[in-house]
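The feature NAD(+) binding site is assigned by Swiss-Prot to 4-33, with similarity to another entry given as support. Residues or ranges marked as substrate binding site in Swiss-Prot (evidence: similarity to another entry): S141. Look at Swiss-Prot and you will find Y154 tagged as active site, proton acceptor, backed by sequence analysis.
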Amino acid sequence: MNQVAVVIGGGQTLGAFLCHGLAAEGYRVAVVDIQSDKAANVAQEINAEYGESMAYGFGADATSEQSVLALSRGVDEIFGRVDLLVYSAGIAKAAFISDFQLGDFDRSLQVNLVGYFLCAREFSRLMIRDGIQGRIIQINSKSGKVGSKHNSGYSAAKFGGVGLTQSLALDLAEYGITVHSLMLGNLLKSPMFQSLLPQYATKLGIKPDQVEQYYIDKVPLKRGCDYQDVLNMLLFYASPKASYCTGQSINVTGGQVMF
């Protein structure tokens, strides 16, 4: 396989797991993270396991147009093509609406939505230039389908991501490029979720060590979403088997969201 995947937010947590999983399937991987040292470390791990030149680390700020333009040029110079873009960058801040700071709201929109737009715009250019019927996949959340209490900034951005995905799918269909959002359930063991335990405990009026079980009880399949669940869906929608699907918001929620 000579296919190249670009993973935004690939230097840590879920993004790093997806980079390793894509490399295991034969993709060459551009590991992109705002923390360039983390991107370089993941790329080094992949090269050590799967062979030299399988991965390269890039430092980039997805919310900066100039940074994304430079990233696109860098990926093009090193890999010469792009077949798959995965937008896995994201942040969340929980607060009651009257306490929610404008700066936090705006930052959520920038990272969760504007960065997705910039990366999709620039990397779809490369796909179109080379006649590649590529794939663009946004890592979204069930909060992009159902409002989330005390998470107005995050949920607003994720709802916006669904609209952007559908619009991109319509724009790019004539080039055979498909676009999807994966709507994840709670990644209970992820650093992002774990960092929010105290805020969620306060919101729910329970102890921090009770938060995970509270969310598990809401899921029909009675467990949280795992990184492997996300990778499984990503690999399918990136594959030729899903070539007739585009513009979809795919639930990976254990049945918690069914529309």
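Every residue, even glycine, has its Cβ placed from backbone N, Cα and C.
Distribution of Swiss-Prot features across the structure.
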{"residue": "V4", "record": "NAD(+) binding site", "DSSP (3 states)": "strand"}
{"residue": "Q12", "record": "NAD(+) binding site", "DSSP (3 states)": "coil"}
{"residue": "H20", "record": "NAD(+) binding site", "DSSP (3 states)": "helix"}
{"residue": "R28", "record": "NAD(+) binding site", "DSSP (3 states)": "strand"}
{"residue": "S141", "record": "substrate binding site", "DSSP (3 states)": "strand"}
{"residue": "Y154", "record": "active site, proton acceptor", "DSSP (3 states)": "helix"}
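Each of the binding-site residues H20, R28 was scored by how many other Cβ atoms lie within 10 Å of its Cβ, and the smallest score goes to H20. The Cβ of S141 (substrate binding site) lies under 8 Å from the Cβ of G90, Y154, K158, M183, L184, each of which sits 6+ residues away along the same chain. For the binding-site residues A16, A24, the largest tally of other C-beta atoms within 10 A is found at A16. Comparing the binding-site residues V4, I8, V32 by how many other C-beta atoms lie within 10 angstroms of each C-beta, the top residue is V32. A sphere of 10 angstroms centred on the C-beta of Y154 (active site, proton acceptor) encloses 25 other C-beta atoms.
In sequence order, D33, Q35, K38, V42, P191 are the residues of the chain that are 6 or more apart from Q12 (NAD(+) binding site) and have a CB within less than 8 Å of its CB.
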